[in-house]
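Visitor: Per TrEMBL, the features are:
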type: DOMAIN; residues: 280-436; note: domain 'Sulfatase N-terminal'
type: TRANSMEM; residues: 12-34; note: transmembrane segment
type: TRANSMEM; residues: 46-74; note: transmembrane segment
type: TRANSMEM; residues: 86-109; note: transmembrane segment
type: TRANSMEM; residues: 141-162; note: transmembrane segment
type: TRANSMEM; residues: 174-196; note: transmembrane segment
Amino acid sequence: MFQRLPSHFKLILGYVLYFALILLVYKISFLLVYSYRLQGVPFQELAYAFLLGFRFDLVVIGMTLGLFAFLSVLPYFNQFKLYRFFWGYTPLLLGIWMIAHLIADIIYFENANKHIGYEGFVFLGKDLGVILKSALEQNTITFLIGVIFLLIFLPLSTWLFLKYNPYRYQKESWKSTTIQIVLVSIITIIAIRGGIQESPIRATNAIVSGNNFVNNIALNGVFTSIMDLKSQSIPKFLKLETQEAITIVRKETAYAGAEFISDKYPILRVQKETNPGTPPNVVLIMLENWTGKFISPISNGLVEGKEITPYFNQLLKKGRFYNRFIASGGRTTNGMMSILTGIPDRPGLTVVRTHQVLGNFSGIGNIFKRMGYDTYFVTGGDLSFDNKSTLMPHWGFDTVLGEKEITKLGRFKLGAWGYDDADVLQLLHERISTSKNQF
């Protein structure tokens, strides 16, 4: 039966098996790496989650190969060699990308406790240079091995594909072509939906246990990344009527001494003066790449018997620490927007990377400016990362310093990801010390 298949179907089927093998090896590797999280998990739950994962694998295969399967059956175009090369060879490159993406997902899961999302794609854009620079400086040997691999793989795989590609163009009848187009379309749609059920499969379908890790076994990083890019708004069935939502939010966030003052901006409020004296200076420090398991109020704060954050653990004793604070998202970008605007980011693709971030909401810098404060935003990284060079002035920060501005000073040593936190804090201290107004 396989011999009777058209040659383009043989090639596509080969890629299906290739991708399925990649995803199977990924699932097994994921379980092996995080097997320590399976203590006390019933075997039935584990087995069911593992088998359920094949449906999500099917979705990934449909999304990545469906287009190429469709292109392979289009009449007329297949007589052109470049066209055949595009739909026949590109899946090879996608396979390499998928392997790298899934390896990154396994690493990402350790601290994020979730599969990789939209960030798996956005770093392939203008931020790719930052990633490559860091990889070269911090993991030079690994980086060079990767470059050498690509330099060998690309020409070698191209030569092998051109030599052994099983597809040979043959003019087919319109009847045969139509049947193939319909067949490929139906199979692709079913695959992308994850089956023939009423609604397309979603990440929530992976919830089969009260154990968060078990609920992540069925998923994979390619599926979650693609779903993140698709999720740029809240589904209608999850939305509340605007007035009902306003009532709930106002009730939950109301406190004595503050008054909501606007129907147009329903969460805008004015707080009555509580300090009639000189307004205080305010320094807001945002820390990224921290995880709760390293902080002693959440865990014992020890890794191999060593305290990871001793200074922070001492500092928080002098202030207020919330150990049940709800996260605004899984990425630095989500937290940055929530802290500086008072508005949570949306699900999926962050609004920071779209034009919608310039919409009808302000930032904490604008509020302080109206009270006569000098406003500063200082970071050791590149301001182009997450559009900070545009957003910070928009959110009210008059003085914005990043990697390029600090480099011009010629005072500090540049690291792989920017300037050291101590150098950044020193520079901030110098700037605010010379401020004639509150800051």
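Glycine is no exception: its Cβ is also placed from the backbone N, Cα and C atoms.
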Visitor: Are there residues at least six beyond either end of the transmembrane segment (174-196) with Cβ under 8 Å to its Cβ atoms? List them, or say none.
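Guide: Distant contacts of the transmembrane segment (174-196): 6, 9, 55-56, 58-59, 61-63, 66, 69-70, 72-75, 205.
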Visitor: List, by number or range, the same-chain residues at least 6 past the transmembrane segment (12-34) whose CB is under 8 A from its CB atoms?
Guide: 5, 50, 53, 57, 60-61, 64-65, 68-69, 72, 91, 95, 98-99, 102, 105-106, 109, 213, 217, 220, 222
Visitor: Average the pLDDT scores across the domain 'Sulfatase N-terminal' (280-436) and report the rounded value.
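Guide: It averages 84.
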